[in-house]
Amino acid sequence: MRLAVNIDHIATLRNARNEGHPDPVEAAILAEQSGAAGIVCHLREDRRHIKDDDLERLREAIDTKLDLEMAMTSEMQSIALRVKPELVTLVPEKREELTTEGGFAIHTHFKRLTEFIKPLRDHGVEVSIFIEPEDDAIELAAEAGANLVELHTGPYSLATGDKQIAYELERIRTAARIAREAGLAVVAGHGLSVHNIAPFRELHDIEEVSIGHALIARAVLVGLPVAIQELLDHISR
């Protein structure tokens, strides 16, 4: 299982003083050197953490895979077509939220989504959709032309008690299997950390986990290479 590192909160820390450091690009390079298989960043409409210049520099600097999380807007589509990350992950976005709160409502936006994905695919950009681990969302993602789905693991990360944890884990396991059967690659993310990631070693249909906040929070205390190695130790099969 691969680890993709979300560097948004390196930018959050930098923006607290607007003095240019810590640099998200420097962090991305260090993450790659420490074993990350990809770098994730979310260019929000309000630019609350990652800025346009960060994205441009990341595109030039990293050697693995750049995953651009973004809303389904014409502005973001234009940016993605210009920058051409290896992967775009479409996420729902609300200005008032602290972080992405749930999966993309594909059934509500299916026609627009299909039209949005096509030019990205035509220009060599793979497309993932951040969804709840539900059968209908997976089927619609495949029909819309996505290459991948990222399963929302927030409910799992917030689950308490063995019964609820097992229930949420089984939802993810089943969704991952259905997605693979539909021809989609599978990523999982949101709220994952060294404290809850170990069971994912047994979810063989999931190829990659995307982790940001917990990893960066740990890195503040022990350093980014150590924080990444701790996670890699927990997900190695």
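Glycine residues also receive a Cβ, built from the backbone N, Cα and C atoms like all the rest.
All protein chains included, H42 (active site, proton acceptor) registers 22 other Cβ atoms within 10 Å of its own Cβ. Summarising the annotation, Swiss-Prot assigns active site, proton acceptor to H42 (among others).
All protein chains included, E69 (active site, proton acceptor) registers 27 other Cβ atoms within 10 Å of its own Cβ. According to Swiss-Prot, the active site, proton acceptor annotation covers E69 (among others), on the basis of sequence analysis.
According to Swiss-Prot, the feature active site, proton donor maps to H190, an assignment based on sequence analysis. Classification of H190 (active site, proton donor) by DSSP places it in coil, neither helical nor stranded.
Positions annotated as 3-amino-2-oxopropyl phosphate binding site by Swiss-Prot: N6, R17, G191, G212, H213.
Taken from Swiss-Prot, the feature 1-deoxy-D-xylulose 5-phosphate binding site applies to D8, H9, R44, H49, T99, supported by sequence analysis. For D8 (1-deoxy-D-xylulose 5-phosphate binding site), the same-chain residues 6+ apart in sequence whose C-beta sits under 8 angstroms from its C-beta are P24, V40, C41, H42, H49, I50, G212, H213. According to DSSP, D8 (1-deoxy-D-xylulose 5-phosphate binding site) is assigned to a helical segment.
What Swiss-Prot records for E150 is site 'Transition state stabilizer'. According to DSSP, E150 (site 'Transition state stabilizer') is assigned to a strand segment. Taking a C-beta cut-off of under 8 Å and a sequence gap of six or more, E150 (site 'Transition state stabilizer') has these contacts in its own chain: T89, S128, I129, F130, I131, V186, V187, A188, G189, S210.
For the binding-site residues H9, R44, G191, a Cα-Cα cutoff of 10 angstroms around E69 (active site, proton acceptor) retains R44. Here G191 (3-amino-2-oxopropyl phosphate binding site) comes close to T153, G154, Y156, S157, L158, A214: these same-chain residues lie at least six apart in sequence, with C-beta atoms under 8 angstroms from its C-beta.
Summarising the 3-amino-2-oxopropyl phosphate site geometry, the residues cited as binding it (N6, R17, G191, G212, H213) extend over a maximum Cα to Cα distance of 26 Å.
Counting other Cβ atoms within 10 Å of each Cβ, the recorded positions N6, H9, R17, H190, G212 show the lowest value at R17. The Cα atom of R44 (1-deoxy-D-xylulose 5-phosphate binding site) lies nearest to that of N6, taking the recorded positions N6, R17, H190 as the candidates. Geometry remark: H9 (1-deoxy-D-xylulose 5-phosphate binding site) versus R17 (3-amino-2-oxopropyl phosphate binding site), CA distance 13 Å.
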